[in-house]
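Right, one structure below, let's go through it.
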Amino acid sequence: MYVLKNGQVLNASGELENKDVLIQNGKVNLIADSIEVTSGEEFDATGKLIAPGFIDVHVHLREPGGEHKETILTGTQAAARGGYTTICSMPNTKPVPDSKEVMESLQAKIKETAKVRVLPYASITTSLGTDELVDFEALKEAGAFAFTDDGVGVQLAGTMYEAMKRAAALDMAIVAHCEDNSLIYGGVVHDGIFAEKEGLKGIPNIAESVQIARDVLLAEAAGCHYHVCHISTKESVRVVRDAKRAGIRVTAEVSPHHLILDEEAIPGNDGNWKMNPPLRSKEDRAALLEGLLDGTIDFIATDHAPHAAEEKNVPMEQAAFGIVGLETAFPLLYTHFVKTKEWTLKQLIDWMTVKPAECFKLPYGKLEEGSVADIVVLDLEKEANIDPATFYSKGKNTPFVGETCIGWPVATFSEGTLVYNEGEIK
């Protein structure tokens, strides 16, 4: 049992109120002006924000098969430090969770080592990136969160349509990395001014938007919840906006780096700036920000993609795609958008908590009496530099090295258990 004393909570209007919070038996038992500590532990939250634990539906934990990049343990330690209490792990592992047996093995490993809640995806196709569909029903029974071939797009419309019909029958979501392989052209960055300046092959916007346009029509026909991963282009935003207006059940996420950076920020041919989708144009970034504010884009997800140093500290042509994000998402977004008054604090918290929970019908993401005690304590005055040497993640691959941010998670509770406190994993 914990009593969080003298903290602040956001009310429904987005105003800060001074409150104490009682955690008992893994639940939020009481939120009140003052709670007397008669047993359990007192946690001093003076001057700090007590918020729901963050939810990230797009995380690469790499285990099994990629333990040199990340493990379930290190990835969930990173999540705890970043204030995340629920993360959803992508299936581009070896082996792929494409069968009941592999999924059950993965679930056992999660139960054994994870520091926060991990909800694993199953793949859409066997081995991921094929045209043979998995056994959707068996994988749902084994605990799959949803179905995705993230890392690659499902190339054949017929394969995707059949997958959507099967998912819809089970009331499960299809989550899509949208990329038409015939339109990538071997690109390593956005097909724009940086690619031209550096003489690099570029990935055009249409590689993403064409597949989203196809998929929203398939989702409409199948009656399926279709979720777009890491949306990155103005055309994609337009397609999703039109689909929502048409009543199609489509949701979308955007990553912090696509909101903060564009291709003009890339300093040179450095693999730590290589990600998929790539950093796009200024116009694309503006469309993402507009789409998030008008509800076209539903929430924020990190696409945390750790790699070993030797896979990133090379030119872009040789580097792996992806950057880490779990430990830096909140401070970056708070600094860039809340401190600058572009967003309210409530908007940011909602996009990291209740919005993803609502999209995927998760019973998390709220701080209220009776809710699961997934809680992050945030020091909105704390100022620190982003230093990969302090990361719990094995991946140190971030383009934000050295950036000064204000507003950091200082403690995280997962189902009432203190898992991170003042720089230390419990």
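Placed from the backbone N, Cα and C atoms, the Cβ positions cover glycine too.
Sequence-distant contacts of Asp303 (active site), defined by Cβ-Cβ distance under 8 angstroms and a gap of at least six in the same chain, are His58, Val59, His60, Cys229, His230, Ser255, Met275, Gly322, Gly325. Residues or ranges marked as active site by Swiss-Prot: Asp303.
Secondary structure at His60 (Zn(2+) 1 binding site), taken from DSSP and collapsed to helix, strand or coil, is coil. For His60 (Zn(2+) 1 binding site), the count of additional Cβ atoms within 10 Å of its Cβ stands at 26 [all protein chains shown]. Taken from Swiss-Prot, the feature Zn(2+) 1 binding site applies to His58, His60, Asp150, Asp303, supported by sequence analysis.
The Cβ of Arg62 (substrate binding site) lies under 8 Å from the Cβ of Lys69, Glu70, Thr71, Gly75, Thr93, Pro306, each of these being in the same chain and 6 or more residues away along the sequence. Here Swiss-Prot flags His60, Leu61, Arg62, Asn92, Asn276, His307, Phe321, Gly322 as substrate binding site.
What Swiss-Prot lists as Zn(2+) 2 binding site is Asp150, His177, His230. Listed in sequence order, His58, Met90, Pro91, Asn92, Tyr121, Val175, Ala176, His177, Cys229 are the same-chain residues at least 6 apart in sequence whose CB falls under 8 Å from the CB of Asp150 (Zn(2+) 1 binding site).
DSSP gives His230 (Zn(2+) 2 binding site) a coil state; it is part of no helix or strand. Taking the mean position of the Cβ atoms of Asp150, His177, His230 as the Zn(2+) 2 site, the remaining same-chain residues with a Cβ inside 8 Å of that point are His58, Met90, Thr148, Gly151, Val175, Ala176, Cys178, Cys229, Asn276, Asp303.
Looking only at other Cβ atoms within 10 Å, the busiest spot among the binding-site residues His58, His230 turns out to be His58. In sequence order, Val59, Met90, Gly151, His177, Cys229, His230, Ala301, Thr302, His304, Ala305 are the same-chain residues whose CB sits within 8 A of the CB centroid of His58, His60, Asp150, Asp303, the residues recorded for Zn(2+) 1 being left out.
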